[in-house]
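These notes concern the structure reproduced below.
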Amino acid sequence: GDILDDYLRTDGVWILTRNKQFYKTNNEKECAEKCEAERNFTCRAFLFTRKKLECLTLAENAKMTVMFSSTDTVLYEKRIYLMQCKRGSGMDYRGTETKTRRGIPCQKWAEKKPHKPNYTPEKHPNAGLEENYCRNPDGDESGPWCYTTDPAIRFDYCAIPECEDQVTHTAEGECMQCNGEDYHGEVSRTESGLECQRWDAQEPHMHGFTQKHYPEKDLKMNYCRNPDGELRPWCFTTNPNKRWEYCNIPRCSTHPPVSGLDSQCLSEKGEDYRGRISITESGNACQHWNTQFPHKHGWIPDRYPCKGLEENYCRNPDGEKKPWCYTTNSSVRWEYCTIPPCDRTEQGIAGMNDAPVQVPLPEECYRGTGQSYRGTTSITASGKQCQAWSSMVPHRHIKTPDRFPDADLRDNYCRNPDGDSSPWCFTTDPNTIWEYCNLKRCDDPTQE
């Protein structure tokens, strides 16, 4: 099977940890291999960041420490260390129970008082004899046990429940669209079978997701919901050791209804931007979302059906400060894009120095030789992307904003700073220095 099958994946979280090792890896599988091979400590989990391709192997998991929200990070926890139940005799139990069935605290496996142990971490390095956790290094049929801290009782068994086939209670016909932000079903168990905590309760986990603060998110009862744009619906659990977990809700087979026009300009963080700009703010062309070259990544269109990950257009699927993309430049993994703001016109009227600019329209045109053209087209006649005027990559040039202050050489918009026959630009194609732009002359004879 896949090495990642042994891990529980949680998107968008970071956990506080003291014992960790940094590695540079290309993908999650390579990071999992680092975790398996870790010799500095027992690796229970690892963190992988998609953009930086950074891998952190961890001694702790979410049951042992605090979790934080962190976009672009994926947490993988070894399933064996998350199980609080035993299968068979429990030789593979790696839970965190530290008391016997009679409530007596366990002695640490590495200590020799009050009892001198026969089973030690040195003699049985693969038996999970850490701290004073209940374990079954000798395959005792009665299940996990430990040496006790009571001098009168050498060892005792622990009360570890049997694992059952846990169901998620998905009602017939229940499914979710997109990432489940609009899911209003009644599933109330997590994917591992834990019961959900009520949204209006603050025990066992305190939180801020209340009906008062999120009135439009339908936070009813203890139903799974997705109020914060996670990968899919989730809930806080009634298990004090597991703060939250995803719910197992199937995707609907039908596509969601098309809602209104998506934005062609930048409003707020641009998460609803669906325009066709596909060049970064430094002039690099964007990599297609459905390819893994030159940069491998996790933003696969099929996994995020409603994020608009089409072609190589700039998008903001992860709540960054504005739309971005992976670049076709192998030495620059990703960059933000320059998207015209939706309120540029109003800002201009309010007294900004920039001339008001409209969102590019199909009928954009120029008059005369186009020296007065101030639109936002950035595609050449042959379909190439324009290089930003302030950039020297891939072409060095002297047509810079500071040398032509009156030519409005903003971003990578087509302009005519030198009195050519029509607006033009340098291209992002290393083999084509410049081209005229894909613009028509206005038929309107009226004066400007």
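Just so you know, glycine gets a Cβ as well, placed from its N, Cα and C.
The disulfide partner of Cys325, as annotated in TrEMBL and taken from the candidates Cys286, Cys306, Cys342, is Cys286. Per TrEMBL, the disulphide partner of Cys365 among Cys265, Cys437, Cys442 is Cys442. According to TrEMBL, the cysteine that forms a disulfide bond with Cys196, out of Cys146, Cys158, Cys163, Cys235, is Cys235.
Taken residue by residue, the domain 'Kringle' (174-252) breaks down under DSSP into 3 helix, 13 strand, 63 coil. Cβ packing within 10 Å was compared across the disulfide-bonded residues Cys365, Cys425, and the lowest neighbour count falls to Cys365. Across the fold, the C-alpha of Cys265 (disulfide bond) and the C-alpha of Cys337 (disulfide bond) stand 12 Å from each other. Within the model, the domain 'Apple' (1-80) shows a mean pLDDT value of 87, rounded to a whole number. Here the Cβ of Cys337 (disulfide bond) has 25 other Cβ atoms within 10 Å, regardless of which shown protein chain they belong to. If you draw a 10 Å sphere around the CB of Cys286 (disulfide bond), it holds 25 other CB atoms from the protein chains shown.
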